[in-house]
Amino acid sequence: MAEPYYIDEDIGKDDDSAVGTPTAPYKTLLHAMKCHPPQSSKYMTRKGGPDGPGDYKAASDSAMKKATKLYQQHLRKQEKNADAEVKAREEEMRRLKILEDAKSVVIEEDKSLPEAKRIRLDDTEGVTLGTAEKKGTRVKVMGRVHRLRSQKDVIFITLKDGYGHMQVVFGGDLIRTYAALTLTLETSLEIKGQMRELPPKANAPLNRELHADFFRVIGAAAGDKEAITNKVQAGGDPQTLLDQRHLVLRGDVLSSVMKVRAAVLRAFRQAYVETRCLEVAPPSMVQTQVEGGATLFGFKYYDEEAYLTQSSQLYLETCLPSMGDVFCICPSFRAEKSLTRRHLSEYMHVEAELDFIEFDDLLNHLETVICRVIELVLQDPVIASYVKELNPDFKPPSNPFKRIKYADAIEWLNEHKIDFDDEDVPEDHPERKRPHRFGDDIAEAAERQMTDILNVPIFLTHFPLEIKAFYMPKDPSDPRVAQAVDLLMPGVGEIVGGSMRIWDYEELIAAYHRVGIDPAPYYWYTDQRKYGTSPHGGYGLGLERFLAWLCGRFTVRECVLYPRFTNRCTP
């Protein structure tokens, strides 16, 4: 008999470094059997004890019986895998032959059929649906493959074109073509065929389907490893999804948010027209600050220092004397190194300034505009369906909104044991987390907790003067606080910041000095107080925060085409 094979349970190895000799033993009897079948092999085993390894001995009958049983299972599994590999090769050969044969299948449009009417996928006007008794309208559509389902004698495609979706049915020779057999998601197609009613109990967009009689590929989409489903997946790594934002935009969720966004912008403009506000277009390149120098994006403007605008407020104020109430919808920029779910470095800013008003007029105007915007958005049944799908629990706010003064909010937070987290104090200091005090800048988390518990829109008003911007005036009844307001929405927190504006010349000059701002570059803003001043106020609304509230999105990054925030400026 041949030399025996050695197994050492302590120092042996079941890998390529072991050959079954006393100096390079295997670790297990099963592995030795896999390398050297038991029909013609002998096995010697040993394992260490308290006094070290003993001598090699012939494998015991019980050990041989157990290992042999496992070895036989291994052989059966190998045989099964070999059969599966043979079947897979045969199946692949059949598939390749079918694809090769499919290259010879050529379809041509039947010129005897009625001319196809070009429609978008959501068009219904002038389109008749066929039944068993009558023919439907023959149409031509163009779009991309959104979903794909192949059966034995039919292929179902959900087509999309940015306007809607349509179920398309391929049958007959169409499914035997090379193009049909190799269809991939996102491939763009031109399809002609007859519109028909759905079979009983079937579901499809607009309760209809297109039975194709001709199609051609306009642009094939990558498949296999490069398929879009391998590039972007729901619940994937956030940074990967941001890198592939151009592909994520093709999905239902983000594209729906963008369509709601467009509807919201239209609604704001209409609401402002109805309240007699004029749209103006202030500059984005400025040499003054509005919200503090720490968040300015600076750049060289020829030989001068300049910044990207933080807000268009100051420019809007200059329009009031000759244009009446005004608004703008423009990008604003904040160099704020924050990665919270409600901050962006570039965002769309809806801003308005109103002349000859008091503080209550400002709040009433905000209620009117926001309620009207929601009303207009939900009047469109398509947009309303997007909102319903994105945020099933959304309920339009009712007018008037709840109003809470800052001092009362401090009291409410303390009653509900929501502490102030003072980040200027070391973490282990007893004052790091403490009850709120008058003068604290209420943190985002505490603010949102209060809003979510109350679960209604809240006007938070009358903040301490020192935590608000220089241009906000004192309240005549309490000089400690400013006539300022934040509008808080459940799930998001602050979506609007606004105030009355200082309209007295001397008071504004004093405000400049109080915060250490040189008045000289603001001469054009200060002049508004020299030439027929008036009580006025305004606000800025972050469109992405508004959308996060309306569409039930966790972060504002889901509410903008290509989000820009700390360390993210691509694609």
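A Cβ is built for glycine as well, from the same backbone N, Cα and C atoms used for every other residue.
Just so it is clear, the model here is predicted, and its values are computed rather than measured.
Here is what TrEMBL records for this protein:
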- 1-13: compositional bias 'Acidic residues' (COMPBIAS)
- 1-23: region 'Disordered' (REGION)
- 37-63: region 'Disordered' (REGION)
- 258-563: domain 'Aminoacyl-transfer RNA synthetases class-II family profile' (DOMAIN)
Sequence-remote partners of the region 'Disordered' (1-23) [C-beta within less than 8 Å, at least six residues beyond its ends]:
29, 31-32, 35-36, 40-48, 53, 56, 58-59
I'd like the per-state residue tally for the compositional bias 'Acidic residues' (1-13) from DSSP, helix first, then strand, then coil.
0 helix, 4 strand, 9 coil
Across the domain 'Aminoacyl-transfer RNA synthetases class-II family profile' (258-563), what is the average pLDDT of the model, as a whole number?
94
